[in-house]
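These come from Swiss-Prot:
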type    : residues                                                                 : note
BINDING : GLY11, LEU12, GLN13, LYS14, ALA15, GLY16, GLU111, LYS112, LEU113, ARG114 : CDP binding site
BINDING : THR40, ASN42                                                             : Mg(2+) binding site
BINDING : THR98, GLU106                                                            : FMN binding site
Amino acid sequence: MLSFEGKVSSGLQKAGQFMEKEVYKKQYLDKLGFIPYHGTLNIKLSNNITLNLDNLHDKLKRIHGNGSFGDVLFLEAYLSTIDEKITKKGAILFPVKTVYDTDTLEYVSSEKLRDTLNLKDGDKVIIKIEK
């Protein structure tokens, strides 16, 4: 597994709007295996790490958008508290149309992870993805 650290950060509070769009909503359960909470947990990667999607091309899956809303690529992943006592399965979303740099990830899960894991901005987390 690939493992890397990041810090929880606040986003633009817009992901929930997109998560609720019918064009995406119908595909979440089939492709992610769960219905995601209607927002993302933003994670700023540590130590100038960026995720090179070219190296993970065979692991990426796609949620199809339409003319107004772009496709969303995703990787199945696991997010853990820094002490690794609690791990939650989810996915890292890579919207084709995004405002974030490659060092900020958008993580989704079936739960509101800020509440479930008692996370706040600046808290460190660990993300793991299959190689």
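A Cβ is built for glycine as well, from the same backbone N, Cα and C atoms used for every other residue.
Model, not experiment: these values are computed from the prediction.
Distribution of Swiss-Prot features across the structure.
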{"residue": "GLY11", "record": "CDP binding site", "Cβ neighbours (10 Å)": "16"}
{"residue": "THR40", "record": "Mg(2+) binding site", "Cβ neighbours (10 Å)": "25"}
{"residue": "ASN42", "record": "Mg(2+) binding site", "Cβ neighbours (10 Å)": "19"}
{"residue": "GLU106", "record": "FMN binding site", "Cβ neighbours (10 Å)": "20"}
{"residue": "GLU111", "record": "CDP binding site", "Cβ neighbours (10 Å)": "15"}
{"residue": "LEU113", "record": "CDP binding site", "Cβ neighbours (10 Å)": "24"}
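In this structure, the C-alpha atom of GLU106 (FMN binding site) lies 12 angstrom from that of LEU113 (CDP binding site). Here ASN42 (Mg(2+) binding site) is compared against the binding-site residues GLY11, GLU111, LEU113, and the shortest C-alpha distance is to GLY11.
Taking CA atoms as the reference points, LEU113 (CDP binding site) and THR40 (Mg(2+) binding site) are 9 Å apart.
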